[in-house]
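Engineer: When I checked TrEMBL for this same protein, it listed these features:
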REGION    B:513-545  region 'Disordered'
TRANSMEM  B:6-27  transmembrane segment
TRANSMEM  B:48-68  transmembrane segment
TRANSMEM  B:127-147  transmembrane segment
TRANSMEM  B:167-186  transmembrane segment
TRANSMEM  B:198-217  transmembrane segment
TRANSMEM  B:255-272  transmembrane segment
TRANSMEM  B:293-316  transmembrane segment
TRANSMEM  B:336-364  transmembrane segment
TRANSMEM  B:385-404  transmembrane segment
TRANSMEM  B:410-432  transmembrane segment
TRANSMEM  B:439-457  transmembrane segment
TRANSMEM  B:479-501  transmembrane segment
Amino acid sequence: MSGTSGTQGRRPVVTPSRVVAGLCLIAPFVGMLWVGSYAKIEPTLIGIPFFYWYQMLWVPVSALLTTVAYILVRREKRALRATEPAQKGGAAE
Amino acid sequence: MKDVNGVALAVFIFFFVAVTVMGFLAARWRRAENANNLDEWGLGGRSFGTWITWFLLGGDLYTAYTFVAVPAAIYAAGASGFFAVPYTILVYPLIFLFLPKLWSVSHKHGYVTTSDFVRGRFGSKGLSLAVAVTGILATMPYIALQLVGIQAVLDVMGVGGGENTNWFIKDLPLLIAFGVLAAYTYSSGLRAPALIAFVKDALIYIVIVVAIIYIPIKLGGFDDIFAKAGHWFSEPNPKTGAPRGALASGEKAQWAYGTLAIGSALALFMYPHSITATLSSRSREVIRRNTTILPLYSLMLGLLALLGFMAIAAGVKVDNNQLAIPQLFEDMFPDWFAGVAFAAIGIGALVPAAIMSIAAANLFTRNIYKDFIRPNATPEQETKVSKLVSLLVKVGALIFVLGMDKTVAINFQLLGGVWILQTFPALVGGLFTRWFHRWALLGGWAVGMIYGTWKAWDTPAATQKHFGNVANIPGIGEIGYIGFTAFVLNVAVVVVLTFVLRALKAPDGIDETSPADYQADSGDPGDPGVKADLPPATAGAPGGH
C-alpha cells in the first residue's frame, strides 16, 4: 500500500473510520481475556451467576461491534472505489 | 445394560434415514456440467451465498464439541468448561481481519487449501507440506470427537452395547453410521453436508429452545439449578479430596481460562474444514457479512453449556461424563422428543465429520499427492484420490477414538488445537507480511509441534496419563493452554530465525501473489474467475524447499 500512481497521491493507511473499526474489533479481546473482571457469582440474573450471563451478554455486544466495523470498512471501500474508477488491476503498487 | 428406548430410537432412525437420502440426492443440487474436479466435489463449485455459507459454517464449526463435549466439561468441573463461550466470541473479530484476504488471494489464484496459499506465497514446498501434514493430523482427533458424540447418543438409547458385549457388536451402530456418512461424502462431496446442515440447524435450534425453557421449569428455575450445582461442586471429589469444581473461575484458573479461549479462537480458522467452508462462498462480502451473523451460534453454545448445570441439578449420574447431556434429555423429555434431540446431536456430529474429512482429503491431494507423488495428475485423478482419502482420514479418526480417554472428549479438540495452531504464523503471517523467512517459519513450526506434542503427552488428563490440555507456562508460573504456549514459542523462534536468515541473506522463495490479490473480489473488473486448475507448483518455485 505504499505509493499509488501519480495523480492519486498517497492514500493514508490510518483513517478515522479504520481506527474506530479497529477498536470495535479489539474490545472483545480486552473484555474476554480480563477474566478477573467477571469471575464472580453476584449479581445474579434470573438465578444465573454473573460469570455466565455477563459472558453471554458479550455475544450480542461483540456481534454488534463487528457489524459496526463491517459497515465502516465497507463504506470506506465504496468511497475509495468511487474516487478511482480506473485503478483496477495491478495499479495498487 | 440398559433397555433400548424404542420410540426414541425410531425417531432417531427416521431422521437419520432422511438425511442419508438427502446426502445422496445432494449430488444433483446446483450441479455443474463437469463434476469431476476438485472445485466441484471439494468446494461445491465455490458458489455458496450468505445464507448457505452461514448454515454450512455453522454446521461445520458447531459440532459434537458444542453439543456434547462442552456441556460435559461443565457437568464435570463447572466454570472452567465455559471458556468455549469467550472462545467463540473472539473468533469473529479475528477472522474479520484475515479471512477476506485469504478468500481474495485464493479466488485469484485458484487455491483450494491453506497449503496452496502458503506454497504460492513463500515458494516453499517444504513449508506447504508441513502445513498440509499438520492439517490432516489435527483433523483426526476432531473427527474422533464427532464419533464420541454419536457414540454417546447411541449409548443412551441403549444400542451402544454394554461392557460385556464384544467390541464389534458394541461399535456396530457407530460403524454403520460412519459407513453411511463415508458413502454419501464420497458421492456428493461438499454439497451433501451443505444440504444436511439445514436439517441439522433446524433440529438443533428447536431442541435448544425447548430445552432451555422446559427443563428449568421442571427443575424449579435457574436459582435452584445453580444452588444445587454450587453445592455439588463445593463437595470434595472422593478421588482427589479437592472441590469438584467451581461456579466462577478461581484466581488460579484464570490464566488457563483465558489462554484456552484465545488459543482455541486462533486455532479454529486454521483447521482445513473451516477454510473449506469459507472458500466455498461466492464472494468476499459473504464472509464479512457472515462474521456479523455467525455469533447467533455462539449464543446457542452458551445456552447448551448451561445444560451441564441442569444435568447436575436433575441428578443425572453417569460414569462417562459425555453421556450427561443425552441422559438429561432422556430423563426430562418425552421419548419422541428425546429421539428428536438425539437426532439433532447425531446429525450435528455427522455434518462436520463429513466436511472435515473432505477438507483433509483436499489437503492430501493438492499438497502431498500432486506436489510430491504425481505432479501430472488430471483433475479426474485428483478428485478420485480425494474421495479415497476422505475414507482413510475417518479410519485415522477411529484410532484416536480407541487410543484416547473418551470421558474427557474436549481434550480431543484441544489436542487438535495444539497442532493446528502451529500453522498460524505461516498462514496469517503470510497474509499480512512477506517479512517472515520460509525456513524460519518451518523452524518455528517444528519447535511448536515438538514442544506441544511432548507437553500434551506429558500432562495427565482426568483418567489417563497423557493428553492433558493445560500445563505450567515456563517463566510465568501460571497454568495455561499448552497449544497457546507452543504458539508463542513458535512465533518467537520465527522472529529470531528470520532476523538471522535475513542477515545471512538466505535465499527467499518466489512470491507468486501481488498486493492487489489480497483485496480482489469476484466481479471486479478484469476478474478472470477462478481458474479450474492450478499451474504446477514448480512453475513459481524452482527446486522448492
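Keep in mind that glycine also has a Cβ here, set from the backbone N, Cα and C atoms.
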Engineer: With Cβ-Cβ distances below 8 Å as the criterion, list the same-chain residues six or more beyond the ends of the transmembrane segment (B:385-404) that contact it, or say none.
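Structural biologist: Contacts of the transmembrane segment (B:385-404) (Cβ under 8 Å, skipping residues fewer than 6 from its ends): 38, 41-42, 136, 139-141, 143-144, 146-148, 151, 178, 181-182, 185-186, 353, 356-358, 360-362, 364-365, 369, 377, 411-412, 415, 464, 467.
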Engineer: Out of B:48-68, B:127-147, B:439-457, which stretch has the largest tally of CB pairs under 8 angstroms to the transmembrane segment (B:410-432)?
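Structural biologist: Result: B:127-147.
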Engineer: Against the transmembrane segment (B:479-501), which of these stretches has the most C-beta pairs under 8 Å: B:127-147, B:198-217, B:255-272, B:336-364, B:439-457?
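Structural biologist: Between the stretches B:127-147, B:198-217, B:255-272, B:336-364, B:439-457, B:439-457 has the largest tally.
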Engineer: Find the member of B:6-27, B:127-147, B:198-217, B:336-364, B:439-457 that has more C-beta pairs under 8 Å to the transmembrane segment (B:48-68) than any other listed stretch.
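Structural biologist: The stretch with the most close Cβ contacts to the transmembrane segment (B:48-68) is B:336-364.
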Engineer: Between the transmembrane segment (B:336-364) and the stretches B:6-27, B:127-147, B:198-217, B:293-316, work out which stretch tops the count of Cβ pairs under 8 Å.
Structural biologist: B:6-27
Engineer: Using a cut-off of under 8 Å between C-beta atoms, tell me which stretch among B:6-27, B:198-217, B:255-272, B:293-316 contacts the transmembrane segment (B:127-147) the most.
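Structural biologist: The listed stretch sharing the most Cβ pairs with the transmembrane segment (B:127-147) is B:255-272.
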